[in-house]
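*Asks:* Could you have a look at this structure, given as C-alpha cells, before my questions?
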C-alpha cells in the first residue's frame, strides 16, 4: 500500500523503499554538494578544474554553453560511489554467496563477479589504447616528413575515437557494477544464528512477568480512561497511525527523553539534536535505498531529500568524507530526534495504539570506533540498554538476532523485547547493531592510526605508516518513546486505574509519582 502526505509549500511526501546494499566499500570521486536548483556550465567548469576527474567522466557531464543541469540531471551525472573491495568479494565468493543466501538477500553475486571481470578487461583495453596514443603523440614531437606526420595524425584520430568509445563503455559498465554490488549485504558475525527470526538466540532474560490480581487493560484503554491520547482527532488531521499525546503523557515523553539523555551522558556520550530531513544519498550511504514499494522511508517529491526514520542517519553523516585522528576515537553520540516511518505492510491488532506509528520521538546512541574495538563497543551498548530498562523495573529478554532478521548494514544485532501485559506478548523496544565498516566505507569516514599502533601493526603486515583505515560504526536505541509508554502504562497499572511512575523518571517529571484519573 502507498501513502501520500502533503507538507508546507505543497510538496508531496511519497513512500519509497529501503533495500539492502553493499558491504566492503571505499570512497571515490568527490561529491557535488547541490544547494542550488541548477548546475551551471561555470560551476561545472570550476568543479572539473578543482578536482581531477577521469577524462571520460568529464565528458560524461559536459554540457553545451549556456545550458544548465537540473537536479535530476545532476544526480545522474554525479552518483556517489561506494568503495567496494571487488577483489575480496571474488576471493571469498563462497562465503559471500552463503551470507547472501542466509540473509535472504536479492543480491546477484554471479552478475557482480561477471561485471567485475568485464570491467577489468575493459580497463586493460583502455590502458592499451592510451599507451598507443601516447606513443603516437611522442612521435609527433620529432621532425617528420609531411606524409608521415599526416599518417600519425590519422592514426591518432582513430585511437582517440576508439578510446572515447571504450571509456564511455567503461563508465556505463562501472555504474552497473556499482548498482549491483551495492545490493550485497554486510558479512555476518560467525556467532550469529542462521535462519529466520524464530532462530534468534536468547542472550539474557531480566525479571519475570508481573502477576496481576485484577483484569489487565492495554495501553489504549488506559490512555482513554486517563485522558492521555487522542487517536481519533489525529486520524482526522493526519491519517491512521498518528496520535496526540495529552496531559501526563506529554510529561512522560519529555521525562523519558531527558532521562535517557542524562543517563547516556553519564557514560560519556555527547548529546545532539539532528536534522530530520536529509539527502537521499545519505540514506543510501547508511545502507538503505529510498526507492520502490513496501518502504519505510518518506521521500519528498521533486527533491533529493527524505524524512529520517532514525537519528542514526544524520549522526552517521556528521563526519562524512573525513579523516579522524586516532586520539578522537571512540566518538560517542546520543541524539534526540523525531522519526518518520511508513510502516508499509503493517496491520492487525499487534500494531494497535502507540505500538506502530508513523511519527515518534527517539533517543539514539551512535559510536564511531577503531575496528578492533567494535565488538566491545557493541557489548557496551547492549549493556547500557539492559541497565536502562532494568532500572525502570521492566521484564525483558535480549536476543541475538538471526541472519534472516538482519538489515543489510548489520554485522550483528541484539534486540530487546519487553513484556507488554495488555498486549499479552513481548514487543521490541530497542536494538543494538554493529555495522563494522559497512557504513563508513560508503560515508568515507576514516581514521589515521597513531604512530605506535601503526608500528605495531606493520610488524604483523597489517598496515604501513600513514595508511588510513575505516572506522567501525554502531547504533543502539536508548529510548523509543511510544513503545516505552506502552510498557510503562501496561506494566505499572493499578487496580484503581492509575499508573505508577518508576522512581528514576520522577525527577524528570516534576516529582510526579502516579498518573490518576481526572477528578481523583
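Glycine too: its Cβ is placed from the backbone N, Cα and C atoms.
Summarising the annotation, TrEMBL assigns L-serine binding site to 310, 341, 364, 475. The feature ATP binding site is assigned by TrEMBL to 341, 342, 343, 357, 358, 359, 360, 428, 429, 430, 431. What TrEMBL lists as domain 'Aminoacyl-transfer RNA synthetases class-II family profile' is 266-502. Residues annotated as site 'Important for serine binding' in TrEMBL: 477.
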*Asks:* Near residue 477 (site 'Important for serine binding'), meaning Cα within 10 Å, which of 343, 358, 364 (binding-site residues)?
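*Replies:* Cα within 10 Å of residue 477 (site 'Important for serine binding'): 364.
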*Asks:* Quick check: of the binding-site residues listed here (343, 360, 429, 431), which one has the Cα closest to that of residue 310 (L-serine binding site)?
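*Replies:* That would be 360, the closest of 343, 360, 429, 431 to residue 310 (L-serine binding site).
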*Asks:* Going by C-alpha distance, which of the binding-site residues 343, 358, 431 is nearest to residue 364 (L-serine binding site)?
*Replies:* 431
*Asks:* Roughly how many Å separate the Cα of residue 360 (ATP binding site) from that of residue 475 (L-serine binding site), to the nearest whole number?
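*Replies:* Their Cα atoms are separated by 18 Å.
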*Asks:* Of the binding-site residues listed here (358, 429, 431), which is spatially closest to residue 341 (L-serine binding site) when Cα positions are compared?
*Replies:* 358
*Asks:* Around the C-beta of residue 360 (ATP binding site), how many further C-beta atoms are within 10 angstroms, looking at every protein chain?
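*Replies:* There are 19 such Cβ atoms around residue 360 (ATP binding site).
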*Asks:* Compile a sequence-ordered list of residues in the same chain as residue 343 (ATP binding site), six or more apart from it, whose Cβ lies below 8 A from its Cβ; state 'none' when nothing qualifies.
*Replies:* 241, 296, 351, 356, 357, 358
